[in-house]
Amino acid sequence: MSLCTVEINLSTIKNNYLLLQDICKTSLVGAAVKANGYGLGAVQISKALIEENCRHFFVASSEEGVNLRNALGLDVNILVLNGVFEHDALELIEYNLTPVLNNLKQIEIWQKFSNLKNRLLSCYLHFNTGINRLGLSSDEIEQLINDRDLLKGLDLQYIISHLAISEEIDNPYNLEQLNRFKAYLQYFPNVKASLANSGGIFLGQDYHFDLARPGAALYGLNPLTKNPVTLKAPIIHLQNLTLDSHIGYNMTFTTKRDSVIATLPLGYADGFSRNFSNQGEVFINSRSVPIVGRVSMDLINIDVTDLPPSEIFLGQEAEIIGNYCTPDKIASIIGTIGYEVLTNLGSRYKRKYIG
């Protein structure tokens, strides 16, 4: 097991959830816990949020749904965003998982198994209003409007859609999607609706409908919510190098002075991108320390020359992610997003849950 530790503060995640619930007022707030809770632990996060009365959990696949159902029991709703396929339909039924149906083929499959089991099967419908990934097209929606028998045997619980650019509050595309969604919903007046992802919650009450589906904001990937994640790594090696010494593969860093270089036990095998080579920073006792040389599979080097000698020793912990270096801040260094930083947190890291 890695010497590095990811600490996840469940109290912070719960507080983020309560903030979002407060903004949504009377609308329900679920939680996106796909990709193992954005790399932080879907089971642990879901159990914590159940304590705050969260009852809707969104996963990507049936496999994720089964794992969550086994951990949580039957008293919650687990929604499978990728929908249903012939190979996993029986599994969804067995584990009481609700598929989000994204096209007419998935509706057909779910109807087939409704007939096979001779009972109503619950589902959500996903209407594509402009993100153009998953979701029923305008032509498919029109078919549903004109032929309600296409939904026979299905217990339609929610109609959902997904915003493409909700992080940009003033972008007119948000309103375009909202208006398309409302136009479709008028043909399904008795069905509950869900549109707001994390960013959508902050667009205002018009976007909240009956259920909001935050993911990123729960995990601190929003300016108004707090980061619950800390990643720390101990110094495992120290060396004194003279002027003009080369560091790491391909000698991409050369010392410009006599230097003290420390080595930390993480690398790209742990999801710490090679793009951080010779850029980025870690923190030791709140002080910024630069990464020097190439990020290798299991190791990175940092220049600790400017730290007080009393703070440089084997076992001293460096903070890679935390209050000084949030996932969003780290992501900006290499041109990605905080989501990727979190979901790339390696399986070798020890996970520690507090709060």
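Placed from the backbone N, Cα and C atoms, the Cβ positions cover glycine too.
Record features (Swiss-Prot):
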type	residues	note
ACT_SITE	K34	active site, proton acceptor
ACT_SITE	Y249	active site, proton acceptor
BINDING	R133, M297	substrate binding site
MOD_RES	K34	N6-(pyridoxal phosphate)lysine
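Positions of the features from Swiss-Prot, shown on the structure.
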residue : record                       : Cβ contacts under 8 Å, 6 or more apart
K34     : active site, proton acceptor : A42, F58, V59, A60, E64, L81, G215
R133    : substrate binding site       : H162
Y249    : active site, proton acceptor : G293, R294, S296
M297    : substrate binding site       : G267, Y268, A269
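Mapped onto three states, the DSSP output places R133 (substrate binding site) in coil.
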